[in-house]
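Below is one structure, written out as structure tokens; the observations come after it.
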Amino acid sequence: MSSKPASKVVAPLKDELDIVIPTIRNLDFLEMWRPFFEQYHLIIVQDGDPSKTIRVPEGFDYELYNRNDINRILGPKASCISFKDSACRCFGFLVSKKKYIFTIDDDCFVAKDPSGQDINALAQHIHNLLTPATPFFFNTLYDPYREGADFVRGYPFSMRGGAPTAVSHGLWLNIPDYDAPTQLVKPRERNTRYVDAVLTIPKGTLFPMCGMNLAFDRELIGAAMYFGLMGDGQPIGRYDDMWAGWCTKVITDHLGLGVKTGLPYIWHSKASNPFVNLKKEYKGIYWQEDIIPFFQSVVLPKESTTVQKCYIELSKMVKEKLGPIDPYFQKLADAMVTWIEAWDELNSAAVAPVADAAKKDASSSSK
């Protein structure tokens, strides 16, 4: 991969979007992303030793949080933020005050499309989020809101307005996002297939969400983007983003929101150690045979009309249904509640004006 950056590009939503990056190392990778990221605000969540100094290239607007900052800001609630795991990124989601979030790993570089042009992953995510999704009826031309596409014959006109897009899930060239057993049997496999498509994941269908190239509407679904308890002191790792994805998907289905996957691609540069990964994943590989049927069977009550209410109900179900599998799930369910408490505490000021506006609208319409 060439490290030569492209010229600066137009930055859509630059005042409405934060870029969240979890890291344990200097962020030299940002040089390649400079033309795409430099006009945005970065929230960097430093994992591991808080006494280590993380170097950020000059010219970027950023705030950096380490474990000491997390403990200071959240107090006892800091227990819900994972340590020594990329799940720590969700602290960045918590403290952001922007409408949209894009999160990327520090081993992900700018990919090229088949014509050799640099892919502006952030711009594609924004396009995905700003156009509707179609979770209730599948369009065989995939994203009908894309230039050059439309709804096919037989697609109900009453459903062509679509649903708000809450999540945009991007993909990766080069190193695939495989689990440890697959890594071990396919150590040299690389993803070279560029599929020029975006599709909405249908309602009722789960998917394995990857956090290395992900964007979402924080106002619509941010409170559900909790990456769980993983890493240091926990019996499982590398399931953080998938846990958030399963929780998010059942909630978006319940609330009538959409999730898109496909474009944009990034270049995933570094394969992690499959033996280390297996040690982190092996319990999850067993547990997922119960976890996935659990999420497939979840029915949230009609009274759960907000993401927070949905998430609290989901935490109760996790404790009841998954708790008997292992005490870890009891602990995880409690952490889910703590996460929502922290979310409400840090975001109450931002939520209040919206609630006040809704009250004003209601009072004026009743006159």
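Every residue gets a Cβ built from N, Cα and C, even glycine.
TrEMBL entries are annotated by machine, without manual review.
Among the features that TrEMBL reports, site 'Required for activity' is placed at Arg153 (among others). Sequence-distant contacts of Arg153 (site 'Required for activity'), defined by Cβ-Cβ distance under 8 angstroms and a gap of at least six in the same chain, do not exist.
The N-linked glycosylation site annotation in TrEMBL covers Arg153.
TrEMBL lists Arg160 (among others) with the feature site 'Required for activity'. Over all protein chains present, the Cβ of Arg160 (site 'Required for activity') has 15 other Cβ atoms lying within 10 Å.
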